[in-house]
Structures are given as structure tokens and as C-alpha cells.
DNA sequence: AACTCACTTGCAAGTCATTTGCAACAAGAC
DNA sequence: GTCTTGTTGCAAATGACTTGCAAGTGAGTT
């Protein structure tokens, strides 16, 4: 049992503790999400989950994604002009760069920016509940 | 003729130069957008435009907003869990804070953050095409 | 001012991603 | 194993836009 499976065990237990049944479909999605190194959208997750649960319906995928999101197990990202994409929430906080040519998503983090954001909000009398920062980028062509 | 009307004149001329007819409905929307101090969505702009052009259809509003956006005359913002909101593009670049309790949108800008963003992208071999930074905030309750 | 005609509009119908009603199912507590 | 109540699959519904089409209209041309 590797690291990955272990964390799935933990997640399923957390769900059970929250009174949420761990059905085959939910377990499949949990597993697919844990193994995903990218940021798949619902139809793609559906496709991947079908390997474990043939016949799983897309609506169940959507429903499960919402459930998992509200349990804080996964995160939903709505990038420009695209359908929602998901990722496991086990990772540390980070923001995203989206390659506008390929659609590839690159993660990054900057404490300095986060600090500045908090500062700016505080100056105006606000505290940050959460934020969203996306850089739409293109590979530098300085060949 | 005040400042505001002048800029509308300029915008309409720019549109005409781009081969885009300045119809009553487009002129009305241009005016409504120039006068808007907030960030209205399409139905709200439709409501406001009806004062000048009774019977203007919502689809025309949507169509016009897309046209104006592609002409760079206005900007479209897609905040979390809400329909698109628009603002005149005449202002300087800025980002947004959204009060999660009221939906109010506050504008802000930070050269330091922008510089850091460019730096981060450059380090990874990218250049920023455009970005989106939204702070979802709540009024500090340190009464 | 009248003419022309490609660009626009209003309306109804269509998209698309996502959500929901409902009857058949199936976790998991007992 | 039995039972309850949360879940699922399917089809239909949503919500925010978008689009096809026939009628209408800017604005350059005469």
C-alpha cells in the first residue's frame, strides 16, 4: 500500500465520519483524482472513472465533485472560457498559470504576493476570505 | 458637452472607423457603460439601456457587449459563481476585490504585485498575456 | 433627399455545462 | 440478513448566453 492509497483511505474515512457513504463511484473518483497529476474537467474525470466503474453517469460525477468540494477534499477551478477543472486539495496552496496556447496548467506560489494582497485588503478595511490569481501566459520566444 | 460625452464621441468614432455601425442600441449601451460607476451584468445593462431605447432586446445587449469587448472598448469580468459583469475600458489597469457579503466590487492596483507576477512567469520561461487577480473579501470586524 | 445594401435587430429556438426530479439501488448500522 | 436512508442513472430542467432568420436601418453613394 503506497502513499497514495493511504491518503485515499484517510479521505474515505473522513467522508464516512462526515456521514457520507463511500460508494463505488465516489471511491473511483477519489482514486482518479488522487492519481491525477493534471487538472481534469468533469467529462475527463468521468472518462477515467469509467475504467473502475463502467456505466457511472456523468451526473454522478458532477454530483460527487460538488460533494467532495464542499467537504474540502478537492478544489474547483474555473479558468477563462473553459469548463471547471478539479484537483485534489491535498497539496499546499498555490496559484495557476495557464498556457494560452496549450491549455496546460502550471502551479506556482509566492508568499510575497500573498503578503501584499493581505496588506492591500487590510488597508481598505477588509480581510481576504480567499483569492484567485491566474496568469494567462505564453512560452517566451527568445530562441 | 462634458468630459463623459466627449469620450463617448471618441468611442463612437473609433467604432465607425472600425467599420462598426453606431446604432441607437449600441450608442445607448456605450452611454450606460460610460456612466456606470459599478460593474453591471448584462440584464442590468439591458434594464438601464431600455430607458434610452425601449424594446431593446437582451440578445442585442449580449451581442453588443461582445462586440464592444472585442473592440477593446469595454472589459468583461467573470467573478466566482456569478454572471459576467462589465466595465468601460477607459480606466487604467486594476484588479478587483469582491465583498463576499454584498457582492460589491472594489478596484485596486499594485505595481509590486504585477512586477512579481512578471518575474515568476519569466523564471519559468513564460511571458504574461494577461492575468486575473480577484480577492474575495469581507469587512474586518475589529469594532 | 432618395437609393442601396451589408450590417443589425428582435424574437424564437438552440447551446452547453451543469443541476435536479424520481424511481430503482445499495452502503452500512443494527 | 434486514432495514433505512443516502445514492445512482436517466431524462428532463436550468441558466446564461448564442444564433438563425426575416424584417429593419445606418451611412456611404448618387
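Even glycines carry a Cβ here, placed using N, Cα and C.
Curation plays no part in TrEMBL annotations; they are all automatic predictions.
Listed in TrEMBL:
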BINDING   B:93, B:95, B:114, B:131  Fe cation binding site
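All features noted in TrEMBL, drawn onto the structure.
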| residue | record | Cβ contacts under 8 Å, 6 or more apart |
| --- | --- | --- |
| B:93 | Fe cation binding site | B:109 |
| B:95 | Fe cation binding site | B:107, B:108, B:109, B:110, B:132, B:133, B:134, B:135 |
| B:114 | Fe cation binding site | none |
| B:131 | Fe cation binding site | B:117 |
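According to DSSP, residue B:93 (Fe cation binding site) sits in a coil region rather than a helix or strand.
Chain A comes close to B:131, taken from the binding-site residues B:93, B:114, B:131 by a C-beta to C-beta distance under 8 angstroms. Highlighted in sequence order, B:94, B:109, B:110, B:113, B:117, B:133 have their Cβ within 8 Å of the centre of the Cβ atoms of B:93, B:95, B:114, B:131, the residues recorded for Fe cation, and are not part of that set.
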